[in-house]
Amino acid sequence: MDSAPGLLFLCCSCICPCFQSRRKDTEDAVLVKESNSLAPASSAEMGSVSGKIAASPLRVPPSPGRFSMSPKLDRIGSVHLTMRQVARATQNFSPSMKLGEGGFGTVYKAQLQDGQMVAIKRASKENSDALRSEFRSEIELLAKIEHRNLVKLLGYVDKGNERLIITEYVPNGTLREHLDGIHGSYLDFSQRLEISIDIAHGLTYLHSYAGKQIIHRDVKSSNILLTERMRAKVADFGFARVGDNEAGKTHVMTKVKGTVGYLDPEYMRTFQLTPKSDVYSFGVLLIEILTGRRPVESRRSPEEKVTVRWAFGKYSDGEAMELVDPQMREAVDPTIFKKMLNLSFQCAAPTRADRPDMQSVGEQLWAIRMKYLQLGREE
Ligand SMILES: *[C@@H]1O[C@H](CO)[C@@H](O)[C@H](O)[C@H]1NC(C)=O
Ligand SMILES: *[C@@H]1O[C@H](CO)[C@@H](O)[C@H](O)[C@H]1NC(C)=O
């Protein structure tokens, strides 16, 4: 356990040329690694290492009815816009409407004529062609899923060299922004617990979707959006793909994609993708939620740079309570806090066989929540 995150970090440093900084924060770099060569991050074509298993998410049999995936289909969901309407709704992609950077481009807030707020993600022009498969992937997947902890697709535009995805607007920024306190206050413990449960529920739904597993592949705090009531929704399905849980197949071979610090070390080593890679990322994210620290804190001393390793060391030395995010004002119950840490380390186990599945994670968090509420009543 102890050495694995270090290995991961080392490994990440070697493939540094592939980093593509997507956010203001350079620690939040996106990693794209090919099995046999180091590809530039813009080469986002979904590749397959094993010729036996087709890598394209498009191989999912089309689902019936209105979600049938004919290439001509450009009417998913309820919002249908022309480019002119999109330009008006985003004030011509005004920087003042910009919400952030997503998997393949910039996300804007937009107001439709009926007053409804939506989010519109626009593929960056230079990446437009290279990222076409990611665009298709995101649409195909989003079109089929509906869950209160997953951002909902409302429509899309695929015309000329413009590719836009229209989703519901989630008003309260990202989880990372709230951990940084940039919305004016910090999350308290019970909010953090509820948010963790929401994310676990969203991922459980993805992983068990209609007998096919959908693997998100980029679970991280800047991809978790918060509602006005501080409930969480998982966003940005640009890297998502469909796993293969047919009899006898336990994984798909694929290029490694994801974000440094959250990437499953076993996936990086073997290129075998399973839902357990999301479980690993969730474990890293849970530690981030509890400590407030980013997965990689490059400005800290060597022993504190990789948060999972630092946290595991403290936890093992009986100093778990030193891990509590100093921004949490209230007293955090040590038993509850340690239970959550224990769960996060199980999720971030170096070997996927040692990680629980997402459903079990949700159930364990739910049990922790029961205990937490009981304690509150006893006081
Ligand atoms: C966002 O969350 C804060 C708490 O940090 C809350 O006070 C505020 O009302 C929320 N804002 C919106 C737009 O929902
Ligand atoms: C978590 O708790 C279980 C049972 O309470 C224990 O067996 C396990 O060793 C713990 N894991 C860690 C990483 O401490």
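Backbone N, Cα and C define each Cβ position, glycine as well.
According to TrEMBL, the domain 'Protein kinase' annotation covers 93-367. This prediction places the mean pLDDT of the domain 'Protein kinase' (93-367) at 88.
For LYS121, the entry in TrEMBL reads ATP binding site. In the three-state DSSP reading, LYS121 (ATP binding site) counts as strand.
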Taking the Cβ of LYS121 (ATP binding site) as the centre, how many other Cβ atoms fall within a 10 Å radius? 25
